[in-house]
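Novice: Quick one: structure below, then a few questions.
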């Protein structure tokens with residue numbers, strides 16, 4: 001096995017170099033869209049911080065989810081964040097898997113261009129809704145008596161532009177309808193549902209999305225309406241965007257690449273059958289000529 005790994009290591013680096021060259025050419029073509037997507041993430045964060053200046057703490061609203069789900073408490077608020085970070089990190093790793101995997105169905109740059117469009121459309125609607133109506137935040141740091149529930153007017157423009165990072169991001173209030181975490185989660189899960197290849201991962205991803213939604217409500221980070229609105233809004237937005245954008249073409253397989261690890265017996269037989277069928281087709285074409 002060590003001998004095999006030593007022999008395949010140069011192939012791995014050639015694969016990474018080849019993929020990096022391809023992705024660099026795509027990035028040179030699509031860099032404006034990628035940059036716009038990144039800039040909009042900052043704009044979304046700026047808006048979420050800006051609405052905190054308008055937030056006024058008050059009694060927690062009556063909520064069916066709060067009635068059904070017992071509060072986890074402040075000491076267990078990290079549960080939902082742990083699930084979210086797992087989903088977020090796993091999705092990022094998956095989008096970069098073409099650099100090392102011999103199975104290449106997507107291009108990293110193209111998949112992120114599409115993801116940024118999904119996010120920008122959903123977050124634009126979110127900005128409109130949380131500026132239209134500010135609800136009293138249910139989170140512990142947004143309740144009456146908390147020093148973080150209200151923030152004084154900014155002293156200068158720079159204070160607003162810097163979003164009081166990182167506290168302004170972690171301890172925000174007022175940006176409720178609808179849940180930002182749920183936007184990211186559903187965009188990532190639905191994107192993998194469409195372009196991923198592992199069925200069990202798709203099922204697991206949807207399960208984790210449901211669990212995260214439940215944990216967010218149980219942590220009192222959002223009202224139930226914030227989660228419900230996110231679920232149908234993001235799905236409708238992605239459906240609409242997909243109907244307007246051209247379908248992202250799958251990568252052509254071309255010549256069968258050499259795998260990084262030995263193929264199983266079943267895979268080897270399937271590969272042999274494919275090679276044999278390809279050879280027959282080539283011979284038939286030659287005979288016709």
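Backbone N, Cα and C define each Cβ position, glycine as well.
OK, Swiss-Prot features for this one:
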- 33-53: transmembrane segment (TRANSMEM)
- 77-97: transmembrane segment (TRANSMEM)
- 115-135: transmembrane segment (TRANSMEM)
- 169-189: transmembrane segment (TRANSMEM)
- 181: active site (ACT_SITE)
- 199-219: transmembrane segment (TRANSMEM)
- 222: active site (ACT_SITE)
- 223-243: transmembrane segment (TRANSMEM)
- 226: active site (ACT_SITE)
- 249-289: region 'Disordered' (REGION)
- 266-279: compositional bias 'Basic and acidic residues' (COMPBIAS)
- 280-289: compositional bias 'Polar residues' (COMPBIAS)
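How buried are these features, and what lies next to them?
Specialist: Only residues 6 or more beyond the boundaries of the transmembrane segment (115-135), in the same chain, are considered here, and those with a CB under 8 A from a CB of the stretch are 33-34, 36-38, 40-41, 44, 47-48, 51, 54-56, 61, 95, 174-178, 180, 183-184, 187-188, 190-191, 223, 229, 233-234, 237-238, 240-241, 245.
Sequence-distant contacts of the transmembrane segment (169-189) (same chain, at least 6 residues past either end, Cβ-Cβ under 8 Å): 44-45, 47-49, 51-52, 54-55, 57, 80, 84, 87-88, 91, 115, 118-119, 122-123, 126, 129-130, 133-135, 137, 139, 141-142, 148-149, 163, 205-206, 208-209, 212-213, 216, 221-223, 225-227, 229-231, 233-235, 238.
Annotation for residue 181 (active site): same-chain Cβ neighbours under 8 Å, separated by at least 6 residues, are 80, 84, 212, 216, 221.
The 10 Å shell around the Cβ of residue 222 (active site) contains 28 further Cβ atoms across the protein chains shown.
Tertiary neighbourhood of the transmembrane segment (223-243): same-chain residues 61, 63-66, 114, 117-118, 121-122, 125, 129, 135, 138, 176-179, 182-183, 186-187, 190, 194, 213, 216-217, selected by CB-CB distance under 8 Å and a gap of 6+ residues from either end.
DSSP assigns residue 226 (active site) to a helical segment in the three-state reduction. Residue 226 (active site) has a Cβ environment of 28 other Cβ atoms inside 10 Å.
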Novice: Looking only at residues six or more beyond either end of the transmembrane segment (77-97), which have a C-beta under 8 A from one in the stretch?
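Specialist: For the transmembrane segment (77-97), the list is 106, 108, 111-112, 115, 140, 181, 184-185, 188-189, 191-192, 196, 205, 208-209, 211-212, 215-216, 218-219, 221.
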Novice: For residue 181 (active site), just give me the three-state DSSP call.
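Specialist: For residue 181 (active site) - judged by DSSP and reduced to three states - the answer is helix.
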